[in-house]
Structure formats: C-alpha cells, structure tokens
Amino acid sequence: MVDSQYYLPNDIGVSALDCGEAFRLLSPQEKMYAHYLSRAAWYGGLAVLLQTSPESANIFVLMQRIFRKQTPAQLEQVATAAGLSSEEYQAFLVYAAGLYANMGNYKSFGDTKFIPNLPKDKLKALVWASQAFQEQPSEMEALWDSCSGLLYSLEDRQKQLGLGDKGITTYFSGNCCLEDAELAQKFLDSKKLSAYNTRLFKKDNGGKACYEVRLASAVQKDCAVDGECESCCGSFSFEDKEFTVKRGDYGPIMEKVSHNLQQAQGYAANENQRKMLEEYQRSFTFGSVDAHKEGSRYWIKDKGPIVESYIGFIESYRDPFGSRGEFEGFVAVVNKAMSERFAKLVSSAEVLLPELPWPREFEKDTFLKPDFTSLDVLTFAGSGIPAGINIPNYDDIRQSEGFKNVSLGNVLAVAYATQKEKLTFLEEEDKDLFIKWKGPSFEVQVGLHELLGHGSGKLFVQDDKGKFNFDQSKVVNPETGELVSSWYRGSETWDSKFSTIASSYEECRAECVGLYLCLQKQVLSIFGHDEKDADDVVYVNWLSMVRAGLLGLEFYTPESKSWRQAHMQARFVILRVLLEAGEGLVGLEEVTGQDGKPDARITLDRSKIHTVGKNAIHRFLCKLQVLKSTADVEGGRALYDGYSTVSDSGTHNFLRLRETVLLRKEARKMFVQANTRVSGDSVELVEYEGSAAGLIRSFTERFQEDAEQLETDLLELNKRDAPCWC
C-alpha cells in the first residue's frame, strides 16, 4: 500500500469557479480584453510544467493526447473493457485532474509528489486501449516510456520538491546544491539581474564548473535585437567561475504569451493598460525583468479597472532557494459590493498602521494607498489559486511607488466551505460556530493580511551611492536599545538576503498583523460585524489560526527536517508562539477518537485573546519586523527556525501529532475554470461541471486550435533539458 499522502483520494472535492454573472456584465470590449489576457495566462501557465519536474510536461502531453480523442465519458467503456474497475477508472480521472490543477505531478500546496492510485499495469492497459494509441501506437508508446517510470516512482528524493539530495527541482540542474544557488545569487546581484525569470544549469568544462543562467524569453538570440538597446547576455568570470547568461527558456510558450498580450492591447480601456501590456510583452519577448517592473508600474497606476489582471514570474515559494518566480497569470472581474468594504479598510489604514507594535521609524515614510478590490476569478493559470494577493513583489516599487491588493471572492466562497463531519481537532461546541463564521472571519483576515500585513513595514536601505533611507544616527533598535547597526545594501532585496526563509517568514508576519488588528472594533465594523458577532468573528479567526498551525504539520518532512509550504509553516510558528504564551490561552492535547484511533483537541480561551494573546503577538510581531527592517538574517533565522522546529521533546510531541494529522487529513479542493471563445464579434463563456471529468474537459478544450504544435513544443523543450536532471 502506498502512503495516502502520495495520491489524491477518489472523493477529493472538485468545485467549479463561478464567474458567469460577473462575465455577463462586461461590455463587448471588456470581454475581448479578458479573453486575450486569459489566453496569454493559459499559455504561460504551461511553463509551470517545465518549472516543476522532469516528467511533468510529458505526462501532461500524454493526458492531452488521450482526452483529445475521447472524453472521460467515452473512455470509461474502454477502461471497463481493459479490465479497470470503476474505482480504478475514477482514480485515473482524479490523477489527470490533479495534474492539470497543479500544472505538474507535485502538489502546489505542500510540494509533495502524487501518483495514480491504480496499479501501473492497469494504467498501461488503458493507455494501450485508448483511441490515441490506436491511431499513433509508436508515438504513444515512446511517450509512455519517457514518463511512466517517474510517473509512479516514489524514491526518497522524488517524494518532494527540493534542492540537491533534498528533493526534485527543475529551477536548477540536478548537479546543483545550495552553494551553487548562493554563488549564482551573488553573481546575479553583481550584474543587477533579477533571478525571477531565470533557471540555473551547471556544466562541467574540463574539470571547471561553468554556470548557465537562462532567461525566459521568446527571443532565442543572445545579442541585442530590434527594440533593444543592449543585451544582458554574454560570458562573465565571477569568483573564479565561468557564468554565461543566455536567453530562450520556454521560447515557444513565451511567444504565445506575447502574441496574446499584443491582441489584448487593441481592447485596453486606457493608456495605462496599453503601456502595461507593451512592457509585459517586451519582458516576455526579451527576457527582461526591468520591463516587467515597468509594466507593473503602469499596472499600479491603473486604479479600479473593471477587468483586473497580472501576469509573469511572480511567486518564489517553489524555488528551493526562494528567489526564482513561478509563472502565473490571472484575469478577474471586480465585485463592486465587496470592494467597497475593502476601500473603507484602505481609508482606515493610516489610522490602523500606528496601532502596529513597532516604532514609527520602522514604518514606511508614507502609506501609498493601494487599490484593494474583491475579484471574481475568470482565469487563474499556474500551479494553484490563492485566496488573496498583494503584488508586485518588487521591494523597491512597493516601498516607494505602491502596490495593489486583491481578494478573490469566488475562490473564498468555495475553498473554505466545510462539512461538519470533516471538521477535525475541534471541540463539538466550537464546530457550529466555526462553520458559521469561518468564511466571514477569513475575509477579514485576508483583508488585513494583504493590505496591512504585506503592505506594512519599512526596509532600511543604503543605496549604491551610499545614501540611507533612514537616519542611522538616531533610529534605535527597540529589541536591543542601541542604534540600528545593519541594513540592506545596494541591490540586496528581502528575498535575496533571507532566501530560503523569506517567503514563510513574510507570510508569518502578515498573518500576525491580521490576528493583531482584527482585535480593533473599527476593523470589524468595516466588514459589518458588531457587538456579539464581532466577538465570534475574532474568536473563530484566532481558533482557525491555531487549528491551521496543527494542520500545518502535514507539510513538514521529518526526514529532511524541512517545511514544504510557506503559509502552513507560518501558522505552525504562530501556534508555537501562542502555546508558549501559556496562561491557558491555547490548549492542545492528544486524545483517542471515537474510531479508537489517535486524535487531537485544540481549544482557545476566548476571554484571554485580548490580553494574553494580544501581548504574545505584540512581542513576536515587533521582533519579526525589526529583524526584517534591519536585514538581520542571523537573528531572523535563529528566531524563525527556532519556532519552526518540529520535535518529539518538550510539552507537545509534534512528531507524533504529525502522524495524527496525516491520519485525519482532508485533501485540498481542486477548481474547474471556464474557457472563453471568440464567436464572430463576441466572446462566449464555456462553463464545465465541478468534477474531475469537468476539469479534464476544460483543459482539453483550452488548447484546441493549436494542440498538436503546442504538444510538440513542450516535448521538444523537455527533451532539450532532459540530460540536465540526471
């Protein structure tokens, strides 16, 4: 029996993301704009296959070829004839749906591999019996041979994403380790190049290590081409090593992205949107992060658009080193009613920021009021869909020019709906309250987390010219009582400095801000919660956080002592902080469940949230911010790694609790998204049912017009790099 951690259960939740009403309200021009942006996002999302594992792209092509010839319903009869039971066929559909939803064969949330929950010989029999195989036997057999080994393999290193012997990654060639990643980061910093759109390949040149930094771009040539002043490509010697910067990663895919962005330009609502798309196009054509930053500046200026979007190499959670971005693109429609609440929160920000526990000097000089909207997602391409986003991730732009926040309303509506019988680790009397207030409390938490969590706090910087953005003769570190003695220099950024812990540490800081500020009455009344309801919202928000901290143990790997999910690590850290606060604030005990198996109970004393709880978060949040502001990596690592430790010693046996969490875990839901199709002068929305079969159909119909060329391109791109992963 394979550990259930490594396959998706047949009864996994699959929900359709509803955006029909939002889409219908768009004008014909807005629909065209949304359509072409969606096409750009979906094509770009295919790059994630190549960013995830050596086999993901080939498995994707295998599934596409099977389902393009036969729908899941048609294939069912073939499966039965080939000897598959209905459970085995459902397991195959769930696997295919999971591959599409995660854009690869590793979970986007938790980074563990998943394999089909049916015997390999049964899956092979189904592939051989499919119409796709009947029509092209030699091609299909070659495709199966190229990926079937890794499709099922669960060797230790292949169980999760990671660098070197810790796991699998395709951001780095297989012979790279942490030292290589650190050296490459120093090189990139010296050239003022961002790592966001790069991958690193190490080659042996006559006994000497050579590194190839490859930029994602449609253009394959390394010399400057039309529309460029100069190229950043070339060969360089750095610390006695050879570095070559080349272009053309994901070339044909980036070409598709650029083409569709160009089409969208014709339907832009204003000059900011036009210029934004022009810069994005430049970025994906030439491989320039500077052009993407320029596009992001226009994006920030495009306040309150009806159709909102963002696209590029954005989040660095899945790079084991923490500085390369995974491709994502989203297109969404503004939900006006909910956005009004967020606008009120933005207006109150300047009153709320001083309530945060750090001194004034540690806050940005001016709060740049962002756009904060609630959106209904039409398209979210990439490896997974978040509930809220705060972007851009470029520190220099966020500090001095601004950012935007979005809360994804139709994702929240389905992602966090919970059935009482599936609600683990809570007291019976807490369950009804939890179900009633989980949605509303999470809305408050997402709002605070994105706007005042990620949107707060200052980084102390000394630029290349020696100029400081703070008074180093006056600003005192509240933790030591002495003058601030460290800061960011030149092109150092939060990600490049704090690297492997940066993502989770920042999520933890933002979650703490949410917990801390949700205690403010004015915040709760903005969201329409007063008196007794307000107390319940606070209680469920805090209870939800400590429960999430326990659930987070699923995402910890004891063998490598590493965390696989930034947010869940952050929530575990918060649970540790609140347990440490003592005084009966949080209770966590191991019990025996009604089924006779190990269970756990988590309790929260609501009368102590505003005192013991608030004080604990106050102290911890201040430390987090001070260490972040002052670029104190050593102090930051010591604090964060300390609280992130999962052991079997101490008051709570977290390693044993982890086993209990795994025993009772619920699989994360998958989302089915609609497609858009141009029909004459108008755009129609094609919706699918919320099931594994619906998810599969949405993907096979997504790339209909150029499926064969696209699949050839993916196989070629994958083949080119295949020798690098050994």
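Using N, Cα and C of the backbone, Cβ positions are placed for all residues, glycine too.
Listed in sequence order, Gly388, Ala510, Glu511, Val513, Gly514 are the same-chain residues six or more apart from His449 (Zn(2+) binding site) with CB atoms under 8 A from its CB. The Zn(2+) binding site annotation in TrEMBL covers His449, His454, Glu507.
Taking Cβ-Cβ distances under 8 Å and a sequence separation of 6 or more, the neighbours of Glu450 (active site) in its chain are Phe372, Gly388, Ile389, Asn390, Asn405, Val406, Ser407, Ala510. Under the heading active site, TrEMBL lists Glu450.
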Inset, instruction - Measure from the Cβ of His454 (Zn(2+) binding site) and count the other Cβ atoms within 10 Å, all protein chains considered. - result: 22
Inset, instruction - Have a look around Glu507 (Zn(2+) binding site) and count the other CB atoms within 10 A of its CB, chains all included. - result: 22
Legend entry - Residues within 8 Å of the His449, His454, Glu507 Cβ centre (excluding the Zn(2+) site residues themselves): Asn390, Glu450, Gly453, Glu506, Arg509, Ala510, Glu511, Val513, Gly514
